[in-house]
Each structure stands twice: as C-alpha cells, then as structure tokens.
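*Asks:* According to TrEMBL, the protein has these features:
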COMPBIAS  252-262  compositional bias 'Polar residues'
DOMAIN    172-240  domain 'Sphingomyelin synthase-like'
REGION    250-290  region 'Disordered'
TRANSMEM  77-97  transmembrane segment
TRANSMEM  109-131  transmembrane segment
TRANSMEM  169-192  transmembrane segment
Amino acid sequence: MTLYIGREASKLWKRICAETTTEINLFLDNWKYVLAGLIFQYIHGLAAHGVHYLHRPGPTLQDLGYFLLPELGQDKAYISETVFSFVFLSFVLWTLHPFVFKGKKIYTVLVWCRVLAFLAASQFLRIITFYSTQLPGPNYHCREGSKLARLPKPANVLEVLLINFPQGVVYGCGDLIFSSHMIFTLVFVLTYQKYGTRRCIKQFAWLFAIIQSLLIVASRKHYTVDVVVAWYTVNLVVFFIDKKLPELPDRSNGNSPISLPLSTKDKDSKTKEENHKLLNGNSVDPADWA
C-alpha cells in the first residue's frame, strides 16, 4: 500500500513539474496579454470608484424585478456574494486542474488570456454606460441617509488611485446599468461551456448563473435592467471576440500550444505551421512525457 501511494505521488509530482514547465513557457510568450488584462481590472475598479464621487442618492427607480421578487433584506445580502464566490473559486480551480489531473483539454495560461480579454471588453462597455448616466443606487448603503451614499471630495489624487480597497469595491455606488458580478459569472460559464468536458457541470453552471441573477435583484444590489444588459451584452462580446481569437489547441489531439492573440492571417499561418509539425511528428505535449 505504501509502495503504491509513493508511486502515485511520484507520478503526480512529475506531472506537476512537466505542466509547470509548459505553462511557464506559455506565460513567457503571452505575459503581455495577461498583464494587460490584470491592469484593466484595476482600471475598471478605479472607474467604479471614480463614479462613486458623482453618485447622488435619490428615490429607488420603479423596477419590475422588485415587484416580482421578494426583498431579501440587508442582513441576507451575503447570500448573493456567497454564490458568486463559489462560482469564482470553482472556475479558478478548474483552470488549474491540468497541473494535477492526467486527462486535460486546456492550457491554463491560454484560457486566462481569453478570459481576461472577455472581461476587459465587457468592463470597457460597462464603464461607458455608468459614466454616461448616473442613477440613484438601489443598494442599502447607496440610499439617502447613508454615510456611504456620497463620497467627500478627495483630499489628493492618491486617495482616488488607491480605491480604498476593499471597502471601496464592496460599498461602491453609481456603477449601474451593467452588473459586474454577472460579467464575471457569464464569462466563466461561457468559457466552461466551450472548454469544459462535464455536461452536468455545464448545466449546473447555467443554473447558478440564473440563481445569481435573481439574487442580485432580490438583494437590491442592482436594478433588473443591469442584469438584463449583462446577459445579452456579455454573450455578444464573448461571441465576437472568440471569433477573432485563434482556437485553443485541443490537448487530447496532441496539438502544440500557440500564442494569443493572433489576427486571422496569423491564425492561418500558425495552423499551417502546426500541421507541418504534426506531419513530421514534432508536436508532443511535455506534460505527457511524464
């Protein structure tokens, strides 16, 4: 028994080492895109913090979702955040599964390049919407009488740039007409829908996305229009950007990794190069050597 466990542990360690080498090489080829995506996450947070200075509390707008869904109350707002955290962590763990499991279809770095591109494009549109029109926030801390509903004029630029993390993110106001949580949720679900392998998990992922939508409205964190706009906009963004990016190599076929992003012309030349390598038997996944 001890010998079997030791043998399996040795195989797992070799698999992790081989996968780490592969992913490091991919990261060195694509670090600019990963860095750009992460920087835009900060820009998105900065924009959401900046619009809070423009927010002016007022009467909550008439909303069909508020009539149809019972209000959870301020003490149950954690339910929506719990569901979102579960979806977020589950997706992150899934993108890391090639380091551990033998059967794998994706490369972690390449998937995150794609995900960050989807997020950045969706968040760019979101920034445009909430700076175009400021609405009175429906969340409890954004209503008239709350100390957090209005931000005092910043004493210096540094106060704005630091975003007052994490309070400035959790208690933001004014970044409406587009739900940030739904952007992340839908991007993750759509990505797993395309690259995931478990049909039951795909079905559960869509179910959680629907539940998340209802909880956001029931928690009065956003108006119903914020969720509706996110549903069709994120799907359109993912559809069009995914068509512009090259297809990820399918590891089950033994294809070699490629860099992102590429134009259509580059994509065709890369495809020819991959076919040439396959014909000459030069394309082998280093993780499979283990």
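The backbone N, Cα and C atoms fix where each Cβ goes, and this holds for glycine too.
Heads up, TrEMBL stuff is auto-annotated, nobody curated it.
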*Asks:* Take the domain 'Sphingomyelin synthase-like' (172-240) and count its residues per DSSP category (helix H/G/I, strand E/B, coil), listing them in that order.
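*Replies:* The counts are 53 helix, 0 strand, 16 coil.
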*Asks:* Residue list, the transmembrane segment (109-131) vs rest of chain: Cβ under 8 Å, 6 or more residues beyond ends.
*Replies:* 23, 26-27, 30, 33-34, 36-38, 40-41, 44, 47-48, 51, 95, 174-178, 180, 183-184, 187-188, 190-191, 195, 229-230, 233-234, 237-238, 241-242, 245, 248-249, 257-258, 260-261
